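Taken from TrEMBL as is:
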DOMAIN    6-226  domain 'Orotidine 5'-phosphate decarboxylase'
BINDING   ASP12, LYS34, 61-70, THR120, ARG181, GLN190, 210-211  substrate binding site
ACT_SITE  ASP61  active site, for OMPdecase activity
ACT_SITE  LYS63  active site, for OMPdecase activity
ACT_SITE  LYS63  active site, proton donor
ACT_SITE  ASP66  active site, for OMPdecase activity
Amino acid sequence: MSVASPLIIALDYSSLDAALCMADRLDPARCRLKVGKELFTRSGPDVLEALHGRGFEVFLDLKFHDIPNTVAGAVQAAAEQGVWMVNVHAGGGRRMMEAAKERLVRQGLSTQLIAVTVLTSMAAEDLAEVGVSVSPAEQVERLAALARDSGMDGVVCSAQEAARLRVLCGDDFLKVTPGIRPAAAQAGDQRRVMTPGEAVAAGSTHLVVGRPVTQADDPMAALAAIEAELAAG
Ligand SMILES: O=c1ccn([C@@H]2O[C@H](COP(=O)(O)O)[C@@H](O)[C@H]2O)c(=O)[nH]1
């Protein structure tokens, strides 16, 4: 299936039932779904089978970060379960990313492989505490260039960095951006945020949206408002 919408809804739920309840209200022609650490740790691969069975393309967001051999095996395992997209941490380095990509190519698996640059929950002071003295934007650019050179299909970054990455890495390089917040939404733990309309205008290719939809009083109305904002842009 080809999904025209850039929206990826993050199913950050603590049970398979709750996740499927939301999935059943969504339309696979209008969004993709993201399965992250909490849901996958609770449900295991069953959630992937259930979402694929409902016609959704799934981004398995487990952010693998380990030695090259281990990450290559994990990425292969994810791809063999039919996920549309999987990710690793760019901080794992060139050899790790190359090993993951090589494994997919060798096995003839076409899953999109992207790398996390700097988590959208991190600001400059958070980076400084872990020994990174440059700004989030500079660190994102450095890791995106490394990811591109290591064969990644794109990166996870904030929409605030998307415009610059478009220049640096081109339009075809995926810019998957969490930290999406409609104007009235709470930022919560996110630090580098943008509205849906701003994110697309800046060059985000995919917008990851979780709580602004899943925790809204009326999730379908919240989603419709985001879709309307995108359509207006
Ligand atoms: O840098 C990153 C990488 C991943 N995420 C994930 O995206 C969603 C965002 O959810 P919200 O509720 O819209 O904040 C969540 O699953 C994160 O694990 C991210 O936020 N930032």
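The count begins at 1 with the first shown residue.
Quick reminder: no glycine exception, Cβ is built from N, Cα and C everywhere.
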Binding-site residues close to ligand 1 - of ASP12, HIS65, PRO68, THR120, only those whose C-beta is under 6 Å away: ASP12, THR120
Listed recorded positions (ASP12, ASP61, ASP66), ranked by Cβ neighbours within 10 Å, top entry: ASP61
Nearest-integer angstrom distance between the alpha carbons (Cα) of THR120 (substrate binding site) and ASP66 (active site, for OMPdecase activity): 21
Same chain, 6+ residues apart, C-beta under 8 Å of the C-beta of LYS63 (active site, for OMPdecase activity), given in sequence order: LYS37, ASN87, VAL88, HIS89, VAL116
Fewest other C-beta atoms within 10 angstroms, as judged across LEU62, THR120, GLY210, which are the binding-site residues: LEU62
Cβ neighbours within the same chain of PRO68 (substrate binding site) - under 8 Å, at least six residues apart: GLY92, ARG95, MET96, GLU98, ALA99, ALA100
